[in-house]
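Taken from TrEMBL, the feature domain 'G-protein coupled receptors family 1 profile' covers 42-293. As annotated by TrEMBL, transmembrane segment applies to 25-50, 62-88, 100-121, 133-158, 198-226, 238-260, 272-293.
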Amino acid sequence: MSVFNSSVIYPRFLLTGFSGLESRYGLISLPIFFVYATSVAGNITILFIIRTESSLHQPMYYFLSMLALTDLGLSTTTLPTMFSVFWFHAREVSFNACLVQMYFIHVFSIIESAVLLAMAFDRFVAIREPLRYAAILTNGVVIGIGLAIAARALALVFPASFLLKRLQYHPVNILSYPFCLHQDLIKTTVSSRRVSSIYGLMVVICSMGLDSVLLLLSYVLILGTVLSIASKTERMKALNTCISHICAVLTFYTPMIGLSMIRRYGQNASPIIHVLMANVYLLVPPLMNPIVYSVKTKQIRDRILKKFKQ
């Protein structure tokens, strides 16, 4: 009996990869490793270019640095358990380790959502008040926004971890993905999950839900400002400064919405589809953001090419 109680107090969790494809995990891990390596290299390159080029020490690029740091954090938090599953078939993870991973995955996701909103505000100020841009978005204001973004994410997710810690679980619990997510952990409980579920929903509404509404409002205001510009050339130039950011927003929110839809309406879909969508949600934004900003932002692209030529 004491062994059973100890197992319940310290439950074990088994991560899940692509069920039925275990013999091909070596091949499956290759594109995942490529995505991870490219993400890390791309985001480090962005940070290096911004750090070393004094002409890029502007609010827009400071926010881009925050985005790159967040993407590095998200990739680094997610990949260890994925590689343990795909490379070593090591599925077991302790409860505390699972909670830590879950905490940081959701923290970095919320931070990314907020950074994208801050970047939309940056574009709005640059287009609406170009002459006062530097006076409005001073270094102090940018630092304050960054600290507020981090503090909100850390504060919102911490109670979710604490609530999960208080719940009871089976001695062995099987998760749906090769990493730990709140909505997945909460399904394994044997006690009432009502409070944790409600709080999890409130976190989503107060973070990504609110951010998405404010993002949409920002672009309505940006579009209104652009349409008020008399010159067609200037209108196109103003809109062009937003292309990279729009791509980053779509890259972040499209997989997230797709994963939510699959979880909600895809009960009959193959488990492989669920795992694939979760991987896309966590791996694609850190991969695509540095690529998009390197290709679409002339200042970044020119500096990268200059470094390579040297």
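Using N, Cα and C of the backbone, Cβ positions are placed for all residues, glycine too.
A TrEMBL annotation is a machine prediction, not a hand-curated record.
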For the transmembrane segment (238-260), sequence-distant contacts whose Cβ falls under 8 Å of one of its Cβ atoms, 6 or more beyond its ends: 67, 112-113, 116, 119-120, 123, 126-127, 208, 212, 215, 219, 222, 225-226, 229, 277-278, 280-281, 284-285, 288-289, 292-293, 296-297
Which of 25-50, 100-121, 272-293 contacts the transmembrane segment (198-226) most, counting Cβ pairs under 8 Å: 100-121
Selection from 25-50, 100-121, 272-293, the stretch that has most Cβ pairs under 8 A to the transmembrane segment (62-88): 25-50
